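As structure tokens, the structure follows; a few thoughts come after it.
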Amino acid sequence: MGRAFVYVILGGGVAAGYAALEFTRRGVSDGELCIISEEPVAPYERPALSKGFLLPEAPARLPSFHTCVGANDEKLTPKWYKDHGIELVLGTRVKSVDVRRKTLLSSTGETISYKFLIIATGARALKLEEFGVEGSDAENVCYLRDLADANRLATVIQSSSNGNAVVIGGGYIGMECAASLVINKINVTMVFPEAHCMARLFTPKIASLYEDYYRAKGVKFIKGTVLTSFEFDSNKKVTAVNLKDGSHLPADLVVVGIGIRPNTSLFEGQLTIEKGGIKVNSRMQSSDSSVYAIGDVATFPVKLFGEMRRLEHVDSARKSARHAVSAIMDPIKTGDFDYLPFFYSRVFAFSWQFYGDPTGDVVHFGEYEDGKSFGAYWVKKGHLVGSFLEGGTKEEYETISKATQLKPAVTIDLEELEREGLGFAHTVVSQQKVPEVKDIPSAEMVKQSASVVMIKKPLYVWHAATGVVVAASVAAFAFWYGRRRRRW
């Protein structure tokens, strides 16, 4: 027995939900679209799992964070899918895919065929066993990738109040889970091999400010070392962790966040794999024209930097999903996916956003002493390529986004750039209007050339310099095509 659909989305994470919403808005007919997911629930916003889901009071629970509430859009409950004629095949694993025949075989033995396939399989959490450490199956060792993981972690947290937790990893999951554990009145020690937290993105100066705040909340840091083994009680529950530097840490709970690996195994040998993900073009189309890939599993061209990237963040998942559906449903009017890499996080009283690429010379600016509002620029080969801001307003975040998208030449020295701070970004934007990047660029969009910014007088955050006169053609373009870019 088998079923046939025009469109099949394989995977049930964030990207799948946003793709489904885009399909309905582009006129998909009842019965044409199917979503196949190993999870037993409809697509949901994964960021909630390390934040609201772990709160000790009034924690977030489904259906409150089904997609697409994370972008202030519709909440896609199971009823929504039914009302729109979308087939949800949940709790089902696909054990093989035949790209040439355009078929999928489920673990139940059902064959599902498609005309177009969107791969939204995401990624899996790396396990300690892959690094030679046994014991991940202990009841108080927790990962956090899906709803089942979150439920397990929440249960262990409830039984560990005033106890000791060891968080392995200093990235997104480690930092956000550590904050949640503190809120739950658990003593936290973070362990990671790098010199500072969020090493792939933060500079040492930025990291030190966040680490100092965490320390003030009682969090301890052990850096430059790794976990080597666990100690267990008679019930095979972890009681302590041993580190390579000889440290011995008591543990009632262990949270592991040591990275992810894209779920590409079904397509290896059938589609081109690059940088760990499925290689796609600027329309999110793989080496097979009927197969698209979106979200964490996709390696796509980032036009701003002229190279292939695989990005692990919810914003990329949301926007790549919309673009892939646009390319399938309206190929003539859909242009290239012109994505500006974007990362953000909210922990304790902090809220930061980053745009672009954290490479090149770093210039810090703002009020690092009080930790309320500060930022950084990354300058590579004389151009602005990355911007970070903590504690900004919505308008300030939009400004650094637009400035980074322009990739302007920096003609002032770095010391002056530090003094200018946010004023530099304001000047970039005021001197040259940016055709704001749409979630789904149209084929008619014209790529604007990089701007050159020359600043003669110091500026302050609240005083944007007077913009230069923009050519009439550019002004007309901005009028017709410019519209506010959504950041949430």
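Using N, Cα and C of the backbone, Cβ positions are placed for all residues, glycine too.
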Matching residue for the NADP(+) site, where Swiss-Prot names Y172, I173, G174, M175, E176, G259, E312, H313, Y344 - out of R152, R200, R283: R200
Recorded FAD site member, picked from V69, V314, V362, that accompanies G12, G13, V14, A15, E39, R46, K51, R145, D146, D296, Y344 in Swiss-Prot: V314
Listed in sequence order, residues with CB under 8 A of D146 (FAD binding site) and six or more positions away: E39, R46, L49
Which same-chain residues, if any, lie at least 6 apart from G12 (FAD binding site) yet have Cβ under 8 Å of it: I35, I36, S37, E38, E39, V41, A42, P43, L90, A120
In the chain carrying Y344 (NAD(+) binding site), residues 6 or more apart in sequence that have Cβ under 8 angstroms from it: D315, S351, W352, Q353, F354
Using Cα positions only, nearest of the binding-site residues to V314 (FAD binding site) (Y172, G174, E176, R200): Y172
Residue among binding-site residues G170, G174, G259 with least C-beta crowding, 10 angstrom cut-off: G259
Stretch-averaged pLDDT - the topological domain 'Cytoplasmic' (480-488): 35
Length of the line joining the Cα atoms of Y172 (NAD(+) binding site) and H313 (NADP(+) binding site), in Å: 10
Entry from the binding-site residues list K51, R200, R318, R346 having the most other CB atoms no farther than 10 A: R318
